[in-house]
Amino acid sequence: MADKKNLLLLFDHPTEPVFMDKGKRVTVFDVPDSFLTDRYRPISNEVQSRVGDKVEQRVPVREISIPDLRIPMSLGRDEQFSLFLPKHRRIAGRLIDIFMNMRSVDDLQSVAVYARDRVNPVLFNYALSVALLHRPDTQGLDLPSFSQTFPDRFIDSQVIRKMREESFVVQPGSRMPITIPRDYTASDLDPEHRLWYFREDLGINLHHWHWHLVYPFEASDRSIVAKDRRGELFYYMHQQVIARYNAERFSNNLARVLPFNNLRDPIAEGYFPKMDSLVASRAWPPRFESTRLSDLNRESDQLNVEIGDLERWRDRIYEAIHQGFVMDERGNRVPLDEATGIDTLGNMIESSILSPNRVLYGDLHNNGHTFISYAHDPTSKHLESFGVMGDVSTAMRDPVFYKWHSYIDRIFQEHKSRLPAYTENQLNYPGVSIAGIQVDTNGGRPNNLTTFWQQSDVDMSRGFDFLPRGNVFARFTHLQHLPFTYTISLNNDSGAQRFGYVRIFMAPKNDERGQPMLMRDQRSMMIELDKFVTSLNPGPNTIRRRSTESSVTIPFERTFRNLDANRPAAGTPEELEFNFCGCGWPNHMLVPKGLPEGLQCVLFIMVSNYENDRIDQQLVGRCSDAASYCGVRDRLYPDRQSMGFPFDRLPRSGVDRLVNFLTPNMSIVDVNIRHENRTVQRPN
């Protein structure tokens, strides 16, 4: 019986042959000769004996008849792989099916070992990751962080070269971390570059990659895609990214991001990633300023789409929103109601295989990524691959990602603006009132938050192929804040014990011109900081909650988890949950950067009636940690209200400011976020 943990070794050193040593314990797969590629079959004994001296563990691989891999092998090993391309999606779907349909872990190991040296390394990583997440007999395996396996997606090529040099020349115990420069993609002449720390943050890009891994939009096994409220989660997670990005823009004296409304306008911003793909051995193509989109006709990618197609799909989606229903493939009306409308729209706009009618409403969001990522070579005349917008692990580095998603969010907001506003009765919690709220950092002034820079080291050795083994560290600079605590004083006058759902949001107080924000603008800038259940005793209550407990974020250790060092004990419920926990907003980016003189924000806290919000289900283990943006593994989303409640709809009539929106179970307080331009080293 194969040990399922050995499957994780197949992620190590993705471009090396499968029979090379892997893992911290020097482990080798005993690959049957018939599984080797033509290049290595004649010399396998020689190579394996060379590796064999140091081996601590051997993994037997059973020889079985291999399913038809022609479709997965149709993508070259040195091509770029993108989930946004329909051809690549079909190829990935086929490989996922093959991995999912293997009867046992033994058979899965055999097929994975056979496929590993024959299919594209990034495709292999994606398909095996999805299969391990969804197969009942492999759930609970901790997938290695994508940044460790493919460091080239996160680090510029100069640093990669220095890391190669370090690992080749210096013995493992003496190696020094290689510092990633802070300003390597542009200079301050480009105002957009002020946001480098957000767009190029390793944790944020890993969150986006991991979210799409947990919520794939295509697979022939529908259950892999059809998770609870995944369309709504697509809307909400990306809406929150835009709200957070806009708060960062205010923290750098920039206006809110403008949506990419007219697809025929030039894209003002250029982007030069300065990264090389180790799989394709090519540089990621840049996009020059004022590039226009063109119709795509790339035979090699089986792509033939016109800008007119995107415009038609957009118009049909708007028409459906204004009519209040969409037409499914059988001609039936599917209502866009308060309960499920946003979920239907999310699957339709993204689009996933759950879309009610892909023929009519198309594939707007995914194709937008494709159009932008091929803007530099729309007909494949220069044989160039896609830019960073074509890959979920790199897309958030590009300023145009936020313009495109603001445009997508505007379509969702059109639907939300047509729903009836929440009434005071829907918002109020009779008998429960908040007396006061305060935020404190250790030893700081009340209601003042502080951010600064921090340098952290991440081990990238799994992704460095054809080099001596041992740790290779990259040191990167990221935003960090002093931890803080919310203190909420509230009264329960109902005379009995009650349960409340505490919802914490924050938004800038003033707009770009320094004017107090109107409620209808401010609601779309609200970033969710936390959401948790609390019991309310009769009479006065004081609730304290630490910022590190947030339902939005995961701790640093989990974003960059070292799978060997801090793995929970084998077989425990905690271990089962460890992997899903890779999805979540990085805790170091919980609050915006702020300004040296302080960014004026308003903190909003609401306690809603948990009886109305509760979902009856068991949540074992710790993986509801980042449920707000990621949901909970194999469970329903743990909140009955719409995502973003109470700010997901326009306010009731007569409410033009946040203060008029409040009911007794809500409270606001002004908070100041100061940025100190100092850099501290993260304690190891």
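Backbone N, Cα and C define each Cβ position, glycine as well.
There are 21 other Cβ atoms within 10 Å of the Cβ belonging to Glu350 (active site, proton acceptor). The active site, proton acceptor feature in Swiss-Prot is assigned to Glu350.
The Cu cation A binding site feature in Swiss-Prot is assigned to His208, His212, His238; the stated evidence is similarity to another entry. DSSP gives His212 (Cu cation A binding site) a helix state. If you take the C-beta of His212 (Cu cation A binding site) and look for same-chain residues 6 or more apart in sequence within under 8 angstroms, you find Leu83, Val392.
The feature Cu cation B binding site is assigned by Swiss-Prot to His365, His369, His405. According to its DSSP assignment, His405 (Cu cation B binding site) is helical. The Cβ of His405 (Cu cation B binding site) lies under 8 Å from the Cβ of His238, Val241, Ile242, each of which sits 6+ residues away along the same chain.
According to Swiss-Prot, the feature disulfide bond maps to Cys581-Cys623 (among others).
Its Cβ placed at the centre, Cys583 (disulfide bond) has 27 other Cβ atoms within 10 Å. Summarising the annotation, Swiss-Prot assigns disulfide bond to Cys583-Cys630 (among others) and lists similarity to another entry as the type of evidence.
Residues or ranges marked as N-linked glycosylation site in Swiss-Prot: Asn448 (among others). The DSSP secondary structure for Asn448 (N-linked glycosylation site) is strand.
Counting every protein chain shown, the Cβ of Asn492 (N-linked glycosylation site) has 21 other Cβ atoms within 10 Å. DSSP assigns Asn492 (N-linked glycosylation site) to a strand segment in the three-state reduction. Residues annotated as N-linked glycosylation site in Swiss-Prot: Asn492 (among others).
Asn665 (N-linked glycosylation site) has a Cβ environment of 20 other Cβ atoms inside 10 Å. What Swiss-Prot lists as N-linked glycosylation site is Asn665 (among others), and the listing cites sequence analysis.
Among the features that Swiss-Prot reports, N-linked glycosylation site is placed at Asn677 (among others). Around the Cβ of Asn677 (N-linked glycosylation site), a 10 Å sphere holds 8 further Cβ atoms from the protein chains shown. Mapped onto three states, the DSSP output places Asn677 (N-linked glycosylation site) in strand.
Sitting within 8 Å of the Cβ centre of His208, His212, His238, and not among those site residues for Cu cation A, are the Cβ atoms of His207, Trp209, Trp211, Phe234, Met237, Val241, Val392, Ala395, Met396. Neighbour list (Asn448 (N-linked glycosylation site), Cβ cut-off 8 Å, at least 6 residues apart, same chain): Thr441, Gly598, Val671, Asn672, Ile673, Arg674. Of all Cβ atoms in the protein chains displayed, 25 besides its own lie within 10 Å of the Cβ of His369 (Cu cation B binding site).
Spacing of Asn665 (N-linked glycosylation site) relative to Glu350 (active site, proton acceptor) is 36 Å (Cα to Cα, whole number). In terms of Cα spacing, the recorded positions His365, His369, Cys583, Asn677 that come within 10 Å of His208 (Cu cation A binding site) are Cys583. There are 27 other CB atoms within 10 A of the CB of Cys630 (disulfide bond), with all protein chains counted. Residues His365, His369, His405 make up the record's Cu cation B site, and a Cβ search at 8 Å around their centroid adds His238, Glu350, Asn366, Gly368, Ala395, Phe401, Trp404, Ile408 from the same chain.
Under the three-state DSSP scheme, His365 (Cu cation B binding site) falls in the helix class.
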